[in-house]
Ligand SMILES: [Ca+2]
Ligand SMILES: [Ca+2]
Ligand SMILES: [Mg+2]
Ligand SMILES: [Mg+2]
Ligand code: NI
């Protein structure tokens, strides 16, 4: 029989006892932030569980990692601590375990209705990298920029292409995004225009949250790469295509991306995703030895993008995809990132790159219309993002 | 008569009382790091000056910004605090002021011989951006990649081109750099090679250290840009040209850069650089209004690169340049960076881009020879960097 919680969890909930994603929240607007896990319609306050002495396994006993305003310290402890925390919490929350179930005082202190909490960024992000690992997306972009004959350049099949992104402007789901202003050149050359972006786009991605990481100069072997992946968040890599197109030669995207990138407040652990593991696509040509893995694993996670215009009741599905389509696996991305000696730190974020093809807002003239405000509702498996366009 | 310190300062010292650059140091390997300024052959310990109650002006009185292990809090206070600190320290160190000069106990506690201290990174760097603002460098690169007819693309004259760099691998001068491994494709297509970079290069840059910064979504007007620049460091943006050339299409440089970037431990303040201000080059075409400044200012700072092979006594000058050659000014770079709403934070680093043309190590076969170790000595106006190639 499947593991069940003593807390009622609706059958359509994203947060059964099998998931238990980690986040950071404030029970009241004035409370200091603290770590929690999602269970049904509740958030379990891990600082209360820690203060009650219930993290008493060998890896976590006595640690203050759940008394921090972010998850970075917990992430730095590595997989033994993550597995122990998950096992402890699954046991505590299970229907057969009395410790929390029958302790009204502790339940009162530690279980907060999700509708009342404010979620904040779960980690301090030292560096954010965005990969470009979906073959469908790469092909679509290549057809636009290089034509249908050779849409993908040779280097893409040899290494997971990536660029450094902006860490400061990563925001948690639900934070308004201000429409960026900038230069563009619709014909590709001067005269240039200046004003709010007319080609604001989303990119549906997931992103790895890095665990312990490595010292500068000491690459992580691909065999150890999975131990440096704590879990995954959803990500919307907002992109202003008109700004991006004009600025990107020869050094890549900059202001077309750095005005904001939204992540989900909940980090789904790799352990929770394990039942959804599946084979990654076969790679041809064969990757170099430093990127070769015995078992090449993706995860079967269906993803969906919806847009909800201001004043409308219904949202419209504009994109459907699946994480299993990644050509380069998460572990290959991580091993590649460090092969030159680059150091990863706990809480670093590695975006997968767009998992589906881009859909520009201008493709939805009926949504844009002559409105002054537009709310984009970006609803994906586990979360919601909103964008507020301050003019259009 | 010029201001003089009671501390003897050699006439060829980089650290007269007119300079007073800020850094962070450890008096002993086991001491906690604390802020200091350089004066002659000494470092003045600002934590001791603060504990002695000598920062008693309106902006700094009672602050603990000099009791921190980095300068970020001081930087967040803005120009009034920076000017007050500089005035306080110039007075304290002047030959006519008895407070420190005649207090043997405080001198003993606060003045540490520079030869004994360990300098550490002066700031926690949230994000690092590298611009591409020298017209000579851009032209040289353009001739290599695009030919002599149109070496520079139109966008370069309309905006300061830039890319996001890696913050985690920024190291302080004197830290060994491990030669990066990676993929390359000498012919531009497969088969690919893997191994230590054969085209390790330096890039001579300076970099702005950001002050208060801005909230996400609220650009900094160019008229206020200078108030967000605390000062400048020297930077060596180590670059592996073979790795960079193969990986960079279409998203820009990544592992070819992220294995390490060296900055000087001392930040020279904009106030100390003011006597060296000079006119920036005339810009044609005229920049857009958001990049237009009444007075367009550069700084006349001569820069020099020297290389010193292992086992040789002498270093060889391989590059000479000057900060005044920047086409886009520091304030234009900063205003551009935020025009889309991107937020800058105290301690962020904005590299100017290479100030002189690139000189590849392979241009120096007599230095490389059949050596197993090579030490690069990168000596510029105010500092020294070293690289250790672990194989060649
Ligand atoms: Ca973005
Ligand atoms: Ca570098
Ligand atoms: Mg992206
Ligand atoms: Mg550079
Ligand atoms: Ni509308």
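Easy rule for this one: first residue shown is 1, then count along the chain.
Quick reminder: no glycine exception, Cβ is built from N, Cα and C everywhere.
TrEMBL annotations: computationally assigned, not manually curated.
Site annotation (TrEMBL, ligand Mg(2+)) includes B:257, B:261; from B:237, B:242, B:271, B:279, the additional listed residue is B:237. TrEMBL names B:203, B:205, B:237 for binding Ca(2+). Of B:130, B:154, B:284, B:300, the residue it gives for the same site is B:130.
Checking each of the binding-site residues B:132, B:205, B:244, B:354 against residue B:261 (Mg(2+) binding site) by C-alpha distance, the shortest gap belongs to B:205. Under the DSSP three-state reduction, residue B:203 (Ca(2+) binding site) is assigned to coil, being neither helix nor strand. Taking the C-alpha positions, the distance from residue B:130 (Ca(2+) binding site) to residue B:354 (substrate binding site) comes to 9 Å.
When other Cβ atoms within 10 Å of the Cβ of residue B:261 (Mg(2+) binding site) are tallied across all protein chains shown, the result is 26. Cα-Cα distances to residue B:203 (Ca(2+) binding site) place B:354 within 10 Å, out of the binding-site residues B:132, B:244, B:354. Taking the C-alpha atom of residue B:354 (substrate binding site) as reference, the shortest distance to any of the binding-site residues B:205, B:237, B:257 belongs to B:205.
Taking 8 Å as the upper bound (exclusive) on CB-CB distance to chain A, the binding-site residues B:132, B:203, B:237, B:244, B:261, B:354 give B:132 in sequence order. Nearest by CA distance to residue B:237 (Ca(2+) binding site), out of the binding-site residues B:132, B:244, B:257, is B:257.
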